[in-house]
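Report on the structure given below.
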Amino acid sequence: MIQVLLVTISLAVFPYQGSSVILESGNVNDYEVVYPRKVTALPKGAVQPKYEDAMQYEFKVNGEPVVLHLEKNKGLFSEDYSETHYSPDGREITTYPPVEDHCYYHGRIENDADSTASISACNGLKGHFKLQGEMYLIEPLKLPDSEAHAVFKYENVEKEDEAPKMCGVTQNWESYEPIKKASQSNLTPEQQRYLNAKKYVKLFLVADYIMYLKYGRNLTAVRTRMYDIVNVITPIYHRMNIHVALVGLEIWSNTDKIIVQSSADVTLDLFAKWRATDLLSRKSHDNAQLLTGINFNGPTAGLGYLGGICNTMYSAGIVQDHSKIHHLVAIAMAHEMGHNLGMDHDKDTCTCGTRPCVMAGALSCEASFLFSDCSQKDHREFLIKNMPQCILKKPLKTDVVSPAVCGNYFVEVGEECDCGSPRTCRDPCCDATTCKLRQGAQCAEGLCCDQCRFKGAGTECRAAKDECDMADVCTGRSAECTDRFQRNGQPCKNNNGYCYNGKCPIMADQCIALFGPGATVSQDACFQFNREGNHYGYCRKEQNTKIACEPQDVKCGRLYCFPNSPENKNPCNIYYSPNDEDKGMVLPGTKCADRKACSNGQCVDVTTPY
């Protein structure tokens, strides 16, 4: 039996009320002074790390005892996290700091099922927690030789600017395409699998030169501000089955790389172009957000492209560092990321409970950590229509360049399993303290793993999804269920298509995906537009020039569909977005003639594309 020594760090425990104090969050008119008491369970003789994986604090709020349980946010950083800043002479300096022993936590209040907490424990406790439906902020009072903290409500912070802040997004963005509603029964198997898959957003943050000046030319202060913000964003998106990890941070500590200006529209366009032409070539990521110290025109606090995620030119947003309270800035950033993920502004009928929601057009003074029913529908319909691929990519072991972090749910180099922290792990096969398999276990997860043992050879582990797929079986030597599919070129869907990498791409399904249920393929005459070599019709691009289709290849260019809707009687319709010109082209492997399929904009023998 492991002996456990309960280490308690006790200070004065009596709270008292204060009338007014100037804190990092601003001038607070009504606050309560508390002295958090830390209670930590350590194995006897163990060395206490600087920041434990789990911590517990006790203090009183309004005279009532509160127990705050905290767990390290181990998914906060990606394995290849990097930081870039610039020397006074403009040299780029990029480092890969060890971030596994960070001080950022999520948590809950004991005996309060609806409670939440996002806390930095770097220098005392700083952040917010929800208690009995009320949102409180906590931060150290920074008194000499004292562990005193202030606990207060946001409403008691004096406002620097009474004018409400707004998001600048309107529905006239070129990147926005109206999304037709799709019921569950209309989903293709591929769309359903996509919806069910866990999503990952690799986030890159940039702080402009004014931010650097605002925080006293102190790189650590800017870095801390950014970390605090991401620590709030990650649990907001966890509820949407999206894991947000910070892959990189860049601080423009010498001069701005773009002309940051008070026109939010112009600044967003310039930032997005810089990301596409500069940042992406240096650091792989899915989404970038600029945090700026400039004041945008009017009440605008942020701006983002609607539906821009995974798009080279448009997966970006900008946010003004408009409040001393970091969680309000974090909500603004989560809001702009929401636009990138296909969510529009909430209407009056949208709800997420009693408080304002993340996608409200006006940024609320109240904490908004939930997405409304409308936002969830917007996001779902966006995913069904566009199926952005970058957010499906879970980091691979081979991507890891910094030390593996046991407890972050990612199986990395040197680990056999990773089931989370010792407190949350429920996997009988995995030792959460070492991320190694328990004695006698062959595996911890995988479709060919059953009760910690490999399933027998020949056991079916995945049924065939469709006629282009094959039933997959276990080898008896691995927990993995290797995906196999029918040979390419095999006829499918009543000879309307040919199997291509496990799928049966046919034009009819592609029209439905683009225009909704009821859409059909246009008549052959419509496809003759593909001989013009413009954005309405072409077969492929060479050096950014649209190449017209040859007569025999017209069905391997733009896809022409008939939506078959009361408001659209045009027999020849294409899906066109200037932000993603390739979307709406006939997919590779699609049947274009008898025994022929599309490959690189040409209609070739069915065996050629493979």
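Quick reminder: no glycine exception, Cβ is built from N, Cα and C everywhere.
According to Swiss-Prot, the protein has these features:
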- E190: pyrrolidone carboxylic acid (Glu) (MOD_RES)
- N218: N-linked glycosylation site (CARBOHYD)
- 335-346: motif 'Metal-binding' (MOTIF)
- E336: active site, proton acceptor (ACT_SITE)
- C350-C374: disulfide bond (DISULFID)
- C352-C357: disulfide bond (DISULFID)
- 403-488: domain 'Disintegrin' (DOMAIN)
- C406-C435: disulfide bond (DISULFID)
- C429-C452: disulfide bond (DISULFID)
- C443-C449: disulfide bond (DISULFID)
- C448-C474: disulfide bond (DISULFID)
- C461-C481: disulfide bond (DISULFID)
- C468-C499: disulfide bond (DISULFID)
- C492-C504: disulfide bond (DISULFID)
- C526-C572: disulfide bond (DISULFID)
- C539-C549: disulfide bond (DISULFID)
- C592-C603: disulfide bond (DISULFID)
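Through the fold, the motif 'Metal-binding' (335-346) approaches residues 167, 169, 171, 179, 201, 203, 233, 237, 242, 244, 287, 289, 302-309, 314-319, 357-361, 363, 371-372, 374-375, 378-379, 381-383, 386 of its own chain, all at least 6 residues removed from its boundaries and within a Cβ separation under 8 Å. Between C352 (disulfide bond) and C374 (disulfide bond), the C-alpha separation comes to 9 Å.
Counting only the Cα atoms, the space from C468 (disulfide bond) to C504 (disulfide bond) is about 6 angstrom. Of all the disulfide-bonded residues listed here (C350, C461, C539), C461 has the Cα closest to the Cα of C452 (disulfide bond). Between the CA atoms of the residue listed as 'N-linked glycosylation site' and the residue listed as 'active site, proton acceptor' there is a gap of 27 Å, rounded to the nearest whole number.
Comparing the Cα of C499 (disulfide bond) with the Cα of every entry in C435, C448, C539, C549, C592, these being the disulfide-bonded residues, the smallest distance points to C592. In the motif 'Metal-binding' (335-346), the DSSP tally of helix, strand and coil residues is 6 helix, 0 strand, 6 coil. In this structure, C526 (disulfide bond) is part of a helix by DSSP. The residue listed as 'pyrrolidone carboxylic acid (Glu)' falls within a helical segment according to DSSP.
Under the DSSP three-state reduction, C374 (disulfide bond) is assigned to helix. A separation of roughly 9 Å, to the nearest angstrom, links the Cα atoms of C350 (disulfide bond) and C357 (disulfide bond).
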